[in-house]
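Structure, as structure tokens:
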Amino acid sequence: GRDLICIQSMDGMLMLFEQESYAFGRFLPGFLLPGPLAYSSRTDSFITVSSCQQVESYKYQVLAFATDADERQDTEQQKLSSGKRLAVDWVLNIGEQALDICVVSFNQGVSSVFVLGERNFFCLKDNGQIRFMKKLDYSPSCFIPYCSVQEGTINTLIANHSKMLNVYQDVTLKWATQLPCIPVSVKVANFQDLKGVIVTLSDDGHLQCSYLGTDPSLFQAPKVDSREINYEEMNAEMKELQKIIREATKTQDVLPESEKQGDVTVTAEVSPDLDEESQAIDSEVKAGTAPSITVKITIQSRVTAQKPSLAVCVQAPLSVTCDQFVFGDLEPDSSETVVLSVFLKENCSPSDLEGTCMVSYTIPTELNPEGIPRVAQCNFSLPLKLICFPAQPSKAANHKLTIDTNKPPISFVTIFPDFVDPSEGDQANALGFEFLTGSKTTLLASKTSQRYRIQSDQLEDLWLVTKELIQRLEVHFKKQNCKDFACTFSGSIPLQEYFELIDQHFELRLNAEKFQELLSERAVQFRAIERRLLTRFKDKTPAPLQHLDTLLEGTFREVIALADAAEENQANMFQAFAKLKSATHLVIMLISLWQKLSTDQVAILEATFLPLAEDTQELGWEETVDAAVSYLLRTCLSKSSKEQALTLSSQLSMPKDTSRLKKNITLFCDRLAKGGRLSLSTDSATQQAAVMPGGCATIPESDLEERTIIPGSTEMFSSNGQITKQKSKP
């Protein structure tokens with residue numbers, strides 16, 4: 001009936017308390033730095049990992065009868081004293097520092113000691129013998145053994161620094177899931193009727209309760225004996241079942257009715273003006289202070305909404321002052337309002353100025369008083385002036401685009417009142433934009449033709465201005481009840497410039513792999529030198545270090561320099577991916593205007609060329625887009641049954657170069673130019689060849705390889721991405 005407490009101090013002392021009374025204290029031998037500590041009730045022992053990278057077990061009885069900590073003496077004096085020396089029960093060398101120790105006993109009479117190392121995961125018997133160990137190919141952050149599903153095995157959760165949570169049964173990986181943050185502690189808990197909730201705590205204090213769901217059903221319906229069908233009995237049975245279903249849907253109220261979907265609504269109102277005093281936090285924009293704009297979000301509820309929480313998402317490099325809000329239960333006909341600011345955090349332009357608000361809540365019913373989860377969301381658009389400001393138009397530029405319309409040009413005073421000085425009147429036919437990153441874009445309106453020109457020194461900077469121009473023109477003519485307004489593009493798709501951005505991004509991905517390999521090599525070297533130095537220091541007869549300390553310091557500096565270079569490369573890759581997404585949006589818009597694609601076809605284009613919100617080394621943009629484009633070339637854009645019969649691999653891996661991707665994109669545009677149409681509906685021949693897209697082989701294309709010229713006029717893409725027309729001579 002007493003509480004016994006053991007406290008480990010920074011100097012290696014174990015202090016034992018009975019309730020509030022201090023019992024005794026003991027110093028651990030050979031102590032340098034404190035490690036994880038656990039108590040095994042079955043063997044009545046304390047288990048820890050020492051600075052010698054050894055798992056050590058000390059029995060409580062030995063601790064109690066050893067020399068008292070207040071009378072700590074030298075080794076020789078301790079031998080002569082009356083007290084007993086502190087002796088270790090058992091020792092196991094694991095060769096690395098431990099992150100955590102856990103002692104569990106799920107089977108009667110059998111307990112296991114789990115040790116999570118920096119690169120390995122150990123399971124020991126209570127006498128120190130290894131039951132099993134697992135080498136990890138990632139850096140773990142925390143773990144918890146939680147249950148024994150099969151007799152003789154133990155299930156364990158291990159979280160890592162890649163935001164992944166892995167479920168192991170002994171050494172076998174059973175499941176893996178993605179987490180929103182890196183946890184520093186993980187537990188499995190039961191809350192009321194919900195069992196197996198995974199509770200994680202991040203280093204910045206975010207507590208999350210997650211649930212993996214239910215076990216898959218392995219039931220298979222048995223084969224029925226074939227017999228003659230009695231249609232009259234079947235009709236009678238069907239009517240009876242339909243009657244039961246109707247009665248059940250009338251009386252039960254497990255889920256809210258469909259008309260209650262709009263019980264909670266969320267609206268976002270963006271301020272028309274920028275904030276007088278910028279609310280930007282930790283912005284890396286180099287051009288002075290980054291402006292911010294206020295967004296007012298209102299949640300209205302017509303019924304009782306339990307546990308509402310609001311999440312606000314904007315696309316990086318944009319950021320918000322606060323992205324998560326938690327409210328108390330909303331009463332019927334009540335509302336909550338929050339105000340936040342959006343600003344540009346990184347020193348690169350975003351590819352999208354859209355934001356999303358999502359409210360999650362639960363609505364209780366009679367049969368489910370805890371509530372049915374529901375989600376309401378809305379989108380909001382941020383103004384262009386958040387990331388750029390008016391500037392002097394520039395005459396010269398490296399990249400130019402011309403957008404044709406079927407209506408006379410509109411003065412920029414009318415469609416861009418927030419960027420044009422009203423004193424210029426209707427004569428303003430040139431408009432300059434300067435982004436916060438320092439680049440400039442110029443917009444020109446023709447005085448004689450129905451055309452607009454957008455030009456800039458950077459291809460990716462054309463996207464947002466072009467999108468803003470088309471949107472504002474559509475809004476202007478919609479207000480005038482003009483329904484036949486249309487924009488077209490008749491120039492050449494800038495594929496060569498687009499390919500340069502792809503190569504820049506891919507080169508940074510290759511650099512990231514090289515840095516990772518070099519870091520791994522230097523880390524192995526660093527640990528090897530550490531082991532040799534530790535051996536020298538522990539040797540009873542002093543020996544010269546032979547410059548091992550100098551080598552250790554040099555290796556440490558190399559590791560730090562490589563880590564800094566890898567971090568800088570990661571930041572450059574983030575900016576390159578943002579530029580690539582902007583250029584991809586531009587290419588999609590130009591193709592849709594050039595081929596007059598429908599909304600569904602534009603959606604297919606966006607799903608093909610913009611499949612990833614984030615770019616990682618494991619799954620990158622290049623291999624994903626290559627697989628999607630190859631799939632379209634083999635289905636809706638195929639020219640023969642041979643191409644449809646080609647199979648696609650089911651694995652995605654980082655390619656050696658971008659030549660195949662660039663060839664497939666060029667071929668994709670060439671097929672569209674020759675009348676190909678995007679569609680996900682396939683005929684019977686295509687259905688036989690259609691498989692899930694993956695890594696794919698190069699497509700043999702006779703038109704691009706042989707370049708045969710047929711009589712008449714043909715239209716194709718040249719090597720630099722321009723459309724050229726050729727006529728054969730008679």
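For all residues, glycine too, the Cβ spot is worked out from N, Cα and C.
Just so you know, TrEMBL annotations never went through curation; they're auto-generated.
In TrEMBL this protein carries:
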COILED    224-251  coiled coil
DOMAIN    1-216  domain 'PTHB1 N-terminal'
DOMAIN    290-380  domain 'PTHB1 GAE'
DOMAIN    383-490  domain 'PTHB1 platform'
DOMAIN    492-595  domain 'PTHB1 hairpin'
DOMAIN    597-672  domain 'PTHB1 C-terminal helix bundle'
For this session: Go ahead and report the DSSP secondary structure tallies for the domain 'PTHB1 GAE' (290-380): helix first, then strand, then coil.
Result: 0 helix, 57 strand, 34 coil
Exercise. DSSP helix, strand and coil counts for the domain 'PTHB1 platform' (383-490)?
Worked result: 34 helix, 31 strand, 43 coil
Seminar exercise, completed: Secondary structure split (DSSP) over the domain 'PTHB1 C-terminal helix bundle' (597-672) reads 44 helix, 0 strand, 32 coil
Exercise. With DSSP, how much of the domain 'PTHB1 hairpin' (492-595) is helix, how much strand and how much coil, in residues?
Worked result: 92 helix, 0 strand, 12 coil
Problem set entry | Mean of pLDDT values spanning the coiled coil (224-251) | 82
